[in-house]
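Visitor: Quick one: structure below, then a few questions.
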C-alpha cells in the first residue's frame, strides 16, 4: 500500500508539472489556474474512489451474487477452504466468497481493502470447469486482491481523469482565444463546446492507457494463479476459457477484474481489459521453461 501511495504522489506531481508546462507553452499563467487544478483533482478522483469504496455492494447487487456464509454443500465448502488457503499463502484476509448466476465461465474480484475483498464465481464456471481449473481461477482472483489491483486502477483512473479535465480546459481556452480573439475574457458557448469535444477525445486516450495497464495486470495475476494452484492448472483453465469463449456479460463495474474480458479485433483491442487468451497462455508457457 505504501508503495502505491508514493507512486500516486509522484504521478500526481508529474501531472501538475506537465500541466504547468503545457499552460506556459500556451501562454497561460499557471498561478491563475490553481482553482482549476484543485477542481480537477477533486472531480478527477471523486468518481474513481466512490466507485472503489462501493465496489463490493455494487458487484453484489448488479450480479445478484449469493455470499457463502455457511456452506450448503461440499462444493461450497471446497470453495471456502481453497480461498482461505490461498489467502493465507499470500498474507491477506480471506475475501468474501460468492456465487452468481451466469452461463458464461467467469469470475471476478473487487473491494477497496485487500483484507476485506470479494471473490465471486459464476455458476457456469462451476459447471464447466474441473476442480483443478477452478482452483487456478480462484488463485488468479486472489492474486488481483493481493496485488492491490483495484486500488491501483482507481489511482490511475483518478490521475488520468485529472489530466483530461485540466488539459481539455487549457487547450480549449487556447483554441477559443485563437478563434475569437478573446484573451482572458469571459468564455462563451464555443469554449464549452470545444472543451466537451476535447474531453471526449482525451478521455478515449485515457481509456486506452487504463486498458493497456489492465492488460499488463492480467499477466501478473495469471502468474499469481500459477503460483497458488500450479502452472499447468492455470494454463488448463485459460485453455478451457478459450474453448467456451464469448463476450463477457459481467457488469462494466467489475468486468476489468474478471478472469475473462471478451474478444475484439482491430481498434477494439485497444479498449479490452484483458489480453487475448493465446497471449496469456504463451506467457505462462514461456515462464515455465
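These residue numbers are counts, starting from 1, taken along the chain as shown.
Keep in mind that glycine also has a Cβ here, set from the backbone N, Cα and C atoms.
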Visitor: Kindly point out which candidate in 218, 239, 279 is recorded by Swiss-Prot as part of the Zn(2+) site with 140, 144.
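Guide: The candidate from 218, 239, 279 that Swiss-Prot ties to Zn(2+) along with 140, 144 is 218.
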Visitor: Under Swiss-Prot, the annotation transmembrane segment belongs to which of these stretches: 109-129, 193-213?
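Guide: Checking Swiss-Prot against the ranges 109-129, 193-213, the transmembrane segment one is 193-213.
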Visitor: Per DSSP, to which secondary structure element type does residue 141 (active site) belong, with helix, strand and coil as the options?
Guide: helix
Visitor: How many other Cβ atoms sit within 10 Å of the Cβ of residue 140 (Zn(2+) binding site)?
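Guide: The answer is 28.
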Visitor: Residue 144 (Zn(2+) binding site) has how many other Cβ neighbours within 10 Å of its own Cβ?
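Guide: Cβ-Cβ neighbours of residue 144 (Zn(2+) binding site) within 10 Å number 28.
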